[in-house]
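Q: Have a look at this one before I ask anything.
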Amino acid sequence: MMGPLGAMRALSGAVAKSFMLAQQQHSNSSQRVLLPCISNLVRQAHTAQIKPVTEKEQAALSKIRNIGISAHIDSGKTTTTERILFYTGKIKDIHEVRGKDGVGAKMDSMELEREKGITIQSAATYCTWKDKQINIIDTPGHVDFTIEVERALRVLDGAVLLLCGVGGVQSQSITVDRQMRRYSVPRVVFVNKLDRVGANPWKVIQQARDKLKLNAGAVQIPIGVEEFHEGVVDIVKRRAITFGGAKGLDVVEGPVPADLAEEVEARRAELIERVSEVDDQLAEQFLLEEPIEAEQLAAAIRRATLANKFAPVFMGSAYKNKGVQPLLDGVSDYLPCPTDVQNIALDIDNSEQELTLPCSPSGPFVGLAFKLEEGKYGQLTYMRVYSGKVAKGDFITNSSSGKRTRVPRLVRIHSDELEDIQAASAGDIVALFGIECASGDTFTDGSVNFAMTSIKVPDPVMSVSLTPKSTDQLANFQRALQRFQREDPTFTVSNNAETGETIISGMGELHLDIYVERMRREYKVDCEVGRPKVNYRETIQARAEFTYLHKKQSGGSGQFGKVGGFIEPLPEDSTTRYEYANEIVGNVIPPEFYPACEKGFREAANAGSLIGAPVEGVRVVLNDGAAHAVDSNEMAFRLAAIGGFRQAYASARPTILEPVMKVEVTVPVEFQGIVMGDLNRRKGMILDSRQEAEDAVIEAMVPLNSMFGYSTVLRSNTQGKGEFAMEYSHHAPVTKEQQEQLTSAAGKKA
């Protein structure tokens, strides 16, 4: 078996052969031979590092579950998590949300979280149930289309979707399910609050099928509801489960009560039929009318759940300490372990080509920093380990910056408590101290250059100005801005040189509102917030030529630089925003001035002549020019390039582009007409309108400038029953009247 040194010798030998082969060819053909050869060797070297999971590793990893618990506000998420931690022995006592004892639940949310329905504070805890280690991750509660959502959901292998036994599927339930669906997260459903008046689990399951389009099926039926709720019957195993003793610690299994026997068999037959529709093995047994044992049915439910074709439904009342232990069994039995999920890495050295990364502890170390938190000991970096191992004292490399860092401290997180550990391996979720990085950075051991998420960050689409109300708060203001930028790459900060204002930019109104509110609560900084501003861009619609001479004489050596060429629009499907080509033949411009020309053109493209917005979709070609033996210098050619670009730009039919958002509005059917009329008034283009049960779902493209304050208007138009989600789609040309207004406003400022 070839060791690391042997592999390196073989690799260097192969590269040497490639060079020898290339030297024997013509210079042009040598490049055609050499570059693919080296590229293939790099790809082979990276692939050779990736190792499949061994049987021993699979056995260990099969005992790990990385799950999120998601729910509509007040469905009992915090209460359920509290019971999970208590029954797994992680905490010694149960404290209620806003409890009278003044302690409060272990995983209780921040005030801002309760108000806005977003996850901000703790990111993870862990516990052990029987032989399984369960890492519980806080999932983002609100659709806020930033990178943070994707990265937090990225580290989940499975999820528990909590539904209220009375309220059923509510607006936030639809939101979190939509997120899980987008990132293909398998889930089990827990119908909670069956002790409440009006609880009806069968109504909730039907709503899950109708509103969420889930192939949901009950694996339990309740033993009584409302004040008569005593426990559940496991219809897979045909066993009744009741909960007694102090705080539901005594779980008693017994035969199915006689009055429920008939219903259990009917519900079990329905469950088998639903699962057999999406599982071939069970379908074969079902069609042959063979008896289906509990183990066979459980295995089929697991296969269908992992394939995202089925969602098993559990029942209980977390507040009354009923049904939580069987839910933990369901998490162990039906949700995926790390090796059941296919993890895709991007090979940075190979144009971010996708490759499958096995969750193998013996492979190269690859970990994703998915959340940052300011702790009392410095920055705390939450990390999911996807491959290999990391130990305290190891050196790890940041794929984004290339910086190599030593791991000074490695911990497991339990809400606000830390437990020091010596090492972590593939499948684990841990936290590191003393690592400077941004949210979403990938770390490796240096042997590979992989990223777990694309390093391409979407540009912000909206900005507001921020000014602290008191000069005493400036230090905290700067500290908060630095921290928020590290946490979220889509949140950017700049300074307006003319007004001295601090400008924050992000992905939408809600996104920026959250950071302003966090600044007030976490850093005690009150800010004056300016009117939201849209991030416009400029482009051209026609080709235009330029011949520009920059000449200046002021005693002694002067400045002389002449450039000629043209600018033209890039094709609509172009992946680049700006292209530059030097097509000069001969030495009309000395080669040492080429970089100055390129710098000048790029500088001019950073601020168009209409409103000073960045210019995109433009190709600049330099094909002529002239130089002076004495007066030509880099400054002269840089200024000539700026002047040449502006000269041609005025003749290239420039236009202003505005950000257009893809908006999805969900409202009760009776409000559909009002909402569509309002979107049309906002210059929106309706793409689709469909009905899902009692709701209408409207998809539209709407200019961002027309969407400010939309949440208030939507609430008013729908009696508070409507919700909407919004994400950036593209930039599109503004109307002629709007362009004249924007240009005139920019002229007045100037």
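Count begins at 1; order follows the chain as displayed.
Here the Cβ of each residue, glycine as well, is placed from N, Cα and C on the backbone.
All TrEMBL annotations are machine predictions without curation.
Below are the features I grabbed from TrEMBL:
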DOMAIN    62-339  domain 'Tr-type G'
BINDING   71-78, 138-142, 192-195  GTP binding site
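Help me picture these features in the structure, burial and contacts included.
A: Of all Cβ atoms in the shown protein chains, 23 besides its own fall within 10 Å of the Cβ of Ala71 (GTP binding site).
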Q: Output, ordered by sequence, the same-chain residues six or more apart from Lys77 (GTP binding site) with a CB under 8 Å from its CB, or 'none'.
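A: Spatial neighbours, sequence-distant, of Lys77 (GTP binding site): Ile69, Ser70, Ala71, Leu162.
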Q: Given a separation of at least six residues and a C-beta threshold under 8 Å, show me what packs close to Leu194 (GTP binding site) in the same chain.
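A: Within the chain, Leu194 (GTP binding site) has Cβ neighbours under 8 Å at Gly165, Pro201, Pro222, Val225, Glu226, His229, Met315, Gly316, Ser317, Lys322, Gly323.
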